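Quick one: structure below, then a few questions.
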Amino acid sequence: METNLLLVKCVLLASCLIHPRACSPSCNFPAIFNFGDSNSDTGGLSASFGQAPYPNGQTFFHSPSGRFSDGRLIIDFIAEELGLPYLNAFLDSIGSNFSHGANFATAGSTVRPPNATIAQSGVSPISLDVQLVQFSDFITRSQLIRNRGGVFKKLLPKKEYFSQALYTFDIGQNDLTAGLKLNMTSDQIKAYIPDVHDQLSNVIRKVYSKGGRRFWIHNTAPLGCLPYVLDRFPVPASQIDNHGCAIPRNEIARYYNSELKRRVIELRKELSEAAFTYVDIYSIKLTLITQAKKLGFRYPLVACCGHGGKYNFNKLIKCGAKVMIKGKEIVLAKSCNDVSFRVSWDGIHFTETTNSWIFQQINDGAFSDPPLPVKSACTR
């Protein structure tokens, strides 16, 4: 009997080592608080500067949803997996429900503050430090208003949710492309990356000081494989790899990611009560782009929604752009007809199909450190 019990334990242990997801505890996160840029913006920039036009949102929401994609983003799939509603943008005052979290991300956001990057990124003034201010204000005001009772109690999070929530970070890509816009060399961009990580680390420390304990951090994508980077910041043919990606741009991203992982390791030691999950988005997206055909995708370096050129990307005519010709409105940048098979949505962001595939890889735990699914991200 004892021998059989020991055998069962050994089999279970081996199974857990091979498939850690199957043996991981569920954390029952009651809320998500997200910080980021357009990769996870669910309506922040649209609420501030006007809605991202149709065909953004065409696939899932069937109308513009504040997202720069035809449908759902990775953060939406994370919410679904945790059994939570999609996150409303903190800046969106129309019909928002913050009972299970809030999204502080806005498209174009950078880690570094405006005095360092606003002239470079040229899009959003809502950098990560501003998102932190918004979050801090949200903690205080949400509880003051929730205590009024009635409908306010239903629309705002419970106080304890702030210490039990999952805190997600997906930001940094715009800090790197900001350097490209200033014609900086790879070495010049790499030189300011430590400052980017200093400021990101400081924000995480401040969230920790306000009760945050579960952190889910994405690294940055292979920049050299994004259609808009290939179009706007071309490199000589000798610096293009076999898959059509710009080698020096990907080298910048890899350096950023290696340093980010080192910072996460340091934060684990420093903030001993916190659980950190570092997610290797770079490797997942690179796998998808370099093995697109094998995985059932088409034209990984060509935007689905765009206007002309090798990469179907035009910085002056972006997805959904229209013109008036003889009193008639004409859409110049339309969606492709095979969006469910495409990788890139608009040359910058990804399609819903791509985001879904990426999330499946994330949730397997194989690309995360520690190798856990999102439901178990409270594990230290």
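Including glycine, each Cβ sits where the backbone N, Cα and C put it.
Quick caveat, the model's predicted, so the values are computed rather than measured.
These came from Swiss-Prot, pasted as-is:
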type	residues	note
ACT_SITE	Ser38	active site, nucleophile
ACT_SITE	Asp346	active site
ACT_SITE	His349	active site
CARBOHYD	Asn97	N-linked glycosylation site
CARBOHYD	Asn115	N-linked glycosylation site
CARBOHYD	Asn183	N-linked glycosylation site
SIGNAL	1-25	signal peptide
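How buried are these features, and what lies next to them?
Counting only same-chain residues at least 6 apart in sequence, those with a Cβ under 8 Å from the Cβ of Ser38 (active site, nucleophile) are Leu45, Phe68, Ala105, Thr106, Ala107, Gly108, Ser109, Ile348, His349.
Taking a C-beta cut-off of under 8 angstroms and a sequence separation of 6 or more, Asp346 (active site) has the following same-chain neighbours: Asn56, Phe68, Ala303, Cys304, Cys305, Gly306, Phe313, Lys318, Cys319.
For His349 (active site), the number of other Cβ atoms no farther than 10 Å from its own Cβ, over all displayed protein chains, is 25.
A C-beta separation below 8 Å, combined with a sequence spacing of at least six in one chain, links Asn97 (N-linked glycosylation site) to Pro85, Asn88, Lys154, Leu155. Annotation note: Asn97 (N-linked glycosylation site) sits in a coil segment as assigned by DSSP.
Under the three-state DSSP scheme, Asn183 (N-linked glycosylation site) falls in the coil class.
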Test of understanding: give the count of other CB atoms lying within 10 angstroms of the CB of Asn183 (N-linked glycosylation site).
8
